[in-house]
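One structure coming up, written as structure tokens, with questions to follow.
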Ligand SMILES: Nc1nc2c(ncn2[C@@H]2O[C@H](COP(=O)(O)OP(=O)(O)OP(=O)(O)O)[C@@H](O)[C@H]2O)c(=O)[nH]1
Ligand SMILES: [Zn+2]
């Protein structure tokens with residue numbers, strides 16, 4: 001698991017203590033004594049891939065038997081919106097049409113998890129997963145569908161609990177072939 005350097009952890013702890021003071025709490029009360037350290041640890045985990053542009057933890061296997069469509073559906077993810085640093089979370093469905101090489105299936109949820117661990121917006125998260133699937137597998141087509149709840153829309157601001165945002169990106173044959181795209185959409189839970 002990622003940890004920040006001592007210098008960075010000190011900055012995060014100081015910032016958290018200041019934040020607690022500014023919102024009107026007392027950082028020296030018992031319940032908050034270890035909070036700055038916990039926040040520093042939690043941020044190292046939540047933002048573990050920040051600044052990384054390429055997903056590296058994958059394996060490819062050559063195949064003579066390309067499937068028409070490979071789908072991993074309803075992969076859970078948790079991310080932080082870059083506007084408010086509040087969570088947005090939900091599921092991602094990834095489909096691709098292989099082109100002589102297949103990616104180890106577990107690496108697709110790993111890619112989603114990697115892509116989500118940085119400040120982002122849903123559209124950019126969708127695009128990053130799609131771009132990395134294209135770079136890594138050089139497929140005939142890729143589809144990425146993200147269905148998500150945004151805490152910045154639910155617990156503040158417009159205050160709309162229970163609203164879902166979906167974003168989709170289709171590339172190659174999954175963009176041009178309507179039947180293939182329909183097959184992909186049928187695998188997305190509840191048609192969301
Ligand atoms: N397109 C997109 N917008 C997002 C995402 N996450 C948050 N936002 C929006 O980013 C916008 C930021 O708008 P601002 O007017 O700068 O910020 P704000 O005053 O906090 O806006 P409100 O949320 O409307 O109160 C808001 O409309 C959010 O709903 C996302 O993943 N994608
Ligand atoms: Zn937001």
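Keep in mind that glycine also has a Cβ here, set from the backbone N, Cα and C atoms.
Curation plays no part in TrEMBL annotations; they are all automatic predictions.
The annotation Zn(2+) binding site is assigned in TrEMBL to 81, 84, 152. Taken from TrEMBL, the feature domain 'GTP cyclohydrolase I' covers 14-188.
Are these features on the surface or tucked inside, and what touches them?
Within the same chain, residues at least six positions away from residue 81 (Zn(2+) binding site) with a Cβ under 8 Å of its Cβ are 87, 88, 119, 120, 121, 150, 151, 152. In the three-state DSSP classification, residue 81 (Zn(2+) binding site) falls within a strand.
Taking the domain 'GTP cyclohydrolase I' (14-188) as a whole, pLDDT averages 97 in the prediction.
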Around the Zn(2+) site (81, 84, 152), what further same-chain residues have their C-beta within 8 angstroms of the site's C-beta centre?
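Apart from the listed residues, the neighbours are 80, 82, 83, 85, 86, 88, 150, 151, 153.
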With every protein chain in view, what's the tally of Cβ atoms within 10 Å of the Cβ of residue 152 (Zn(2+) binding site), excluding that atom itself?
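Taking every protein chain into account, the count is 16.
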